[in-house]
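Remarks on the structure that follows.
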Amino acid sequence: MSLLLVLDLAGTFVFALSGATAGVERRLDLFGILVLSFVAGNFGGITRDLMIGAVPPAGIGDWRYLAVSLLAGVITFYRYGAVDRLRSPVLLFDAAGLALFAVSGAHKALVFGLNPLMAALLGMLTGIGGGMVRDVLLANVPTVLRADIYATAALAGAAVVVVGELLKLPPTATTIVGALLCFGLRLMALRRGWHLPVARPERSPDQQQSRD
Amino acid sequence: MSLLLVLDLAGTFVFALSGATAGVERRLDLFGILVLSFVAGNFGGITRDLMIGAVPPAGIGDWRYLAVSLLAGVITFYRYGAVDRLRSPVLLFDAAGLALFAVSGAHKALVFGLNPLMAALLGMLTGIGGGMVRDVLLANVPTVLRADIYATAALAGAAVVVVGELLKLPPTATTIVGALLCFGLRLMALRRGWHLPVARPERSPDQQQSRD
Amino acid sequence: MSLLLVLDLAGTFVFALSGATAGVERRLDLFGILVLSFVAGNFGGITRDLMIGAVPPAGIGDWRYLAVSLLAGVITFYRYGAVDRLRSPVLLFDAAGLALFAVSGAHKALVFGLNPLMAALLGMLTGIGGGMVRDVLLANVPTVLRADIYATAALAGAAVVVVGELLKLPPTATTIVGALLCFGLRLMALRRGWHLPVARPERSPDQQQSRD
């Protein structure tokens, strides 16, 4: 559990970095950036905890989640230039955060007695939740809905944890393999521009009619 | 309960269809469409379950909700042309979904001991939640806030269930009447362009000043 | 507790007014305005209650929250001109609502056993939640992310309540002092245009690249 907590906090930290960076680019003030850091870093985990009945959620009940979120926000605010130059490492960390949240989310859901299929789903939601709310708050369509292999990678990582549990494999090993699989898939997608097929509407999307 | 479950899953299916169709029009990839299908189909019910303390929510704890959501997404993705030609039937199913969620939501809230007024309110929220989050994720103002009789129809259907409970009428009968009332109101509004009054700001909306 | 309930309902009322006014400016119909009034007035409190395990949330389980929300919506709809001329008083009430929710949120979180730091955080979230969801539903970047001292004021007010609890000071006194502090900070920020520092991206925000 201690290993998972460390990885979980690391995931919170890198998602908070992504929220703070997006906030700086939108010229938010310091507090807006800190709010966005906290929300991006903790929304996924808080949603997961509410759904499995773990109240209060760790992101609210444990001060360390707040601390790493604010740290990420403050660093980004005062050292935006440095963070911006780190673009490649940030994407690396972001993929790591996705991986860590996916496996820790699946693991926690299993502990709270969800069935295996739903534990994998909840692991995926934990991974993608933070980026989703970050984009919604900035009035953008969430990246997860548009991007190349992102939610797919999270689901794959979570599935490894769940299948390992079904086969009674040692949890530490499956956690590491699941996280590496998600991380690797996401990195490959970024490097090589992999993506899933897109449906072709027969009408142009500009001709969208209001449907209701 | 078995009848309600079938209707509930049917409601999930048609809301998932609406999410998937909106996703195709925005040119999301396959996974983005599946995520949007799941969220549109299940957000209302999950929110309702969290508020009445039914944890884990049915949308997370019962695989059938996931299955019908994904089915709707996959059908839309591979058969978009067919779904698009079905426009009128889809609106019909959408109205049916609103009706089914409104009555099943009110019913479930009563079972969990909410007072009657709030059960009707929660039934309405269950009905409108899915479409609301679908539009927010695509960075649109939710249709429910702009459209003709939509939330009103959901509230009317939920109210029938609640009033029936107060008068000790048979639940199956009031559920069917409530669903038909909501469905009918919504269809009539669509057919005839009914809508509620709109307030006329004295200033033009283009002159909006930031209020804060 | 009775005093807190009155203040809580007053806060709900003024946030509902802000939601309704924003809805009128977007030309929503009557029901859209009522939905937005309810959501803006109650989202913060409902989120708080879900996180501390107070189920069903007061905004759903107690009809008075619904009543004051609808009252605010109806008044705004039929008397928009009057509300619009009241612009300055509305901002006054909005600051009061922020203050009341921040202190009542922190108080309630302490009662439910959260640790002091997290109780202050949750008080702040209760205060800012309603305006945040109002803006998201209208597809805007939330004011709290952009504005001068807003979340900061809420946090300061909540912190007074929490520190008072730690020092065993009388709760009524610290509640009043916390609310006045938040209210005063927010008013001063509005009057004098105070704001927190903004980070300067080295690149123009117009050159934003998609980061993922």
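The backbone N, Cα and C atoms fix where each Cβ goes, and this holds for glycine too.
TrEMBL does not curate its annotations; it predicts them automatically.
Record features, source TrEMBL:
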type	residues	note
DOMAIN	C:6-78	domain 'Glycine transporter'
DOMAIN	C:92-163	domain 'Glycine transporter'
TRANSMEM	C:63-80	transmembrane segment
TRANSMEM	C:92-111	transmembrane segment
TRANSMEM	C:117-137	transmembrane segment
TRANSMEM	C:149-167	transmembrane segment
TRANSMEM	C:173-190	transmembrane segment
Positions whose Cβ lies under 8 angstroms from the transmembrane segment (C:149-167), at least six residues beyond its ends: 95, 98-99, 101-103, 105-107, 110, 116-117, 119-124, 127-128, 143, 173-175, 177-179, 181-183, 185-186, 188-189, 194-196
For the domain 'Glycine transporter' (C:6-78), the mean pLDDT of the predicted model: 87
Surrounding residues of the transmembrane segment (C:92-111) on its own chain - C-beta under 8 Å, 6+ positions past either end: 4, 7-8, 10-15, 17-18, 44-45, 48-49, 52, 54, 118-120, 122-128, 130, 150, 153-155, 157-162, 165, 171, 175, 178-183, 186-187, 190
For the transmembrane segment (C:173-190), distant same-chain residues with Cβ under 8 A (at least six beyond the ends): 3-4, 7, 91-92, 95-96, 98-100, 102-104, 106-107, 127, 148-150, 152-154, 156-161, 163-165
Same-chain residues near the transmembrane segment (C:117-137), Cβ under 8 Å, at least 6 residues beyond its ends: 15, 18-19, 22, 36, 39-45, 47-48, 51-52, 97-99, 101-107, 109-110, 143-144, 150-151, 154-155, 157-159, 161-162, 165, 182
